[in-house]
Amino acid sequence: MPNITTTKDHLATIRNIIFSNFPKDAGLNRIEFEGPEIAIYCRNPSAVLTDGETVRKLAKLLKKRIVIRSDPSVRKSQEETVKILSELIPKEAEVKNYTFDEDKGDVIIEALKPRIVIGTGGSTLRAALIQTGWRPVVVRAPEIRSGIVSSMLRVLTNGREYRQRFLREVGEKIHRPLLFSDAPIRVVPLGGFGEVGRSAVLIDTGETKVLLDVGVKAGATKLIDEFPAFYALDFPVEEIDAVVIAHAHMDHQGALPYLFKYGYRGPVYMTAPTRDLMVLTQKDYIELKQKMGEIPPYGIEHITKAVQHTITIDWGEVTDISPDIKLTLANAGHILGSSVVHLNIGDGKYNLLYTSDLKYSNTRLLDKASTSFNKVDCLIIESTYGGKGNIMPNRLQEEEKFVHIIKKTIEQGGKVLIPTLAVGRAQEVMMILAEKISSKELPDVPVFLDGMLLESTAIHTAYPEFLSINLRKRIYQGDNPFLHQAFVRIDDVSKRDEALSNEPCIILATSGMMTGGPVLEYFKELCSSEKNSLIFVNYQAENTLGRTILKGAREVTLSDPLSSSQKTYQIRMSVHVMEGFSGHADHLELIRYALTVKPSQKILINHGEPMRSMELARELRRRFSNMKEKPEALVPANLDALRVL
């Protein structure tokens, strides 16, 4: 029978527990339910922040995330605060910027030497809080400025009142009493099952409806095939309680603004770098649609609305997203900020792990995917390279092959064109090129960078804590490979002539599947010469130009955006593929990952061409057949709703 405690009574009980366990000298002023957090506003926050014992006690007692904020009445003005901080923080810290977050009462201090800002045992931070009323948050100043990162705070600041109302509405829904504790749990595939693209899966617990990923499909010719099957929902999108975005590739988040266009107004959870990269790629998507003479399915205003509803969380941060679901994100090893998604349903009654896209081996850019979960009942795992023949070549040998192709091309006076996804593969390739040029394994030729990867790389430098341990250390020590002298930024169309001159060079350009972007302009100029090389470094989806060329096409017909006419291009340049550079796990890595997390009941396989998904399922059944836990391995199709509990 449903719980009959009212939301008002339930929230009042939580408030009373906090009041009775809070020190009087902290000057508690009010308690707000802000999204997944319970925010306690104090006139003297240092009384509880110094040792943290009060917060720990309350968090354990309530099983909720507690945050302490200074009451706005005790905060100094922003001008006064900057003056005080400038006197407190030694000049050696090289502070570059102060940014104020009015909602949280935080002042974000960007410095080249954060440790100096913090002071011995955090002494400077404590003094800053006491003297200004603002909680100092210290971050390393990025070496490459990102317009997107800067714009995020502006978007949130400009819509501050709206966001505060939104967070409080969400907070009351999350912290309300549980109504149904024994309803069945269903998994409903809406996209990305039996295909690569438009990933979306609905988890329905009876109490809560959560959408995991909401992507678009590259190469789709019809809107109904490009977007998830929202038309199959038997309820309005307004009834979705939460959306979780695992990473920033368009096939996992590109349809999010579309949801907001048609009425969704709930929370969206993801990591901070995923949010920034998501906005970058969605804006590019709109621009590409417009350049192709198409009407984009959504506008900038819908992207902005999605950002206003986004709640960023860090890896490992257990977060209440509804009365019956706790969300934890952990490293997926795929791209910057990418996450595997763990849902604890019904206080441990059922645990679901959704991998989205994962890499289960270390790369230069990222550490391998996390497997640190106490319990997994159902595993939803990708299968991009799930086929039994999809074994990645040895990474070192693949890099030697890569270097050999580039050297040969340059020696014969040619150019190397590398179509690349802006996020992930571009930065991995940049690191390889920087290393090989520095070690003289490659000649010192210019490496031109064009397209969205410029801003994407800047975002990478803004979030070093999400990069691999080795790369993070290098950046902290002033050895940033993305600043290598060989890299030449093409930040204006007029500069492309330099890359297309007669001199040998390397060109990295978006998009990675050659569905649009500057790579097409370079390809048109370079494809007819046998001296030049085309190197693919990422997956090429069906119905994309990249896949067409990989299949052996020696001529392609492309549109000319200036004349609106079609032109046929002969392909005489050599074509190569580097499968070892993929950000996806191969067949063996996927099996190792599944065996490590040990799902007890079900394995659902998605994000793969049908044959590859089936082959992975067969192998997983075989591997688990002799183990204590024998989960059922299934390959559902889109719209095949499954009851998992």
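Positions of Cβ are set from backbone N, Cα and C atoms, glycine also.
TrEMBL lists His247, His249, His334, Asp357 with the feature Zn(2+) 1 binding site. In three-state terms derived from DSSP, His247 (Zn(2+) 1 binding site) belongs to neither a helical nor a strand segment and is classed as coil. The Cβ of His247 (Zn(2+) 1 binding site) has Gln253, Thr274, Ala332, His334, Ile335, Gly337, Ser338, Ser339, Ser356, Asp357 as same-chain neighbours under 8 Å, each 6 or more residues away in sequence.
Among the features that TrEMBL reports, Zn(2+) 2 binding site is placed at Asp251, His252, Asp357, His607. Sequence-distant neighbours of Asp251 (Zn(2+) 2 binding site): residues of the same chain at least 6 apart with a C-beta under 8 Å from its C-beta are Gly192, Val196, Gly197, Arg198, Ser199, Gly215, Val216, Lys217, Ala218.
Feature annotation from TrEMBL assigns domain 'Metallo-beta-lactamase' to 197-395.
Residues or ranges marked as domain 'Beta-Casp' by TrEMBL: 426-549. With DSSP states grouped into helix (H, G, I), strand (E, B) and coil, the domain 'Beta-Casp' (426-549) comes out at 57 helix, 17 strand, 50 coil.
Regional average pLDDT for the region 'KHa' (8-75) in the model is 90. What TrEMBL records for 8-75 is region 'KHa'.
What TrEMBL records for 76-143 is region 'KHb'.
According to TrEMBL, the region 'Metallo-beta-lactamase N-terminus' annotation covers 184-388.
Here TrEMBL flags 389-582 as region 'Beta-Casp'.
Around His249 (Zn(2+) 1 binding site), the same-chain residues at least 6 positions away in sequence with a Cβ under 8 Å from its Cβ are Gly215, Thr281, Ile335, Asp357, Leu421, Val423, Gly424. Classification of His334 (Zn(2+) 1 binding site) by DSSP places it in coil, neither helical nor stranded. Cβ neighbour count for His607 (Zn(2+) 2 binding site): 29 (other Cβ atoms within 10 Å of its Cβ, all protein chains included). In this view, His334 (Zn(2+) 1 binding site) is surrounded by 29 other Cβ atoms within 10 Å of its Cβ, with every protein chain counted. Cβ neighbour count for Asp357 (Zn(2+) 1 binding site): 28 (other Cβ atoms within 10 Å of its Cβ, all protein chains included).
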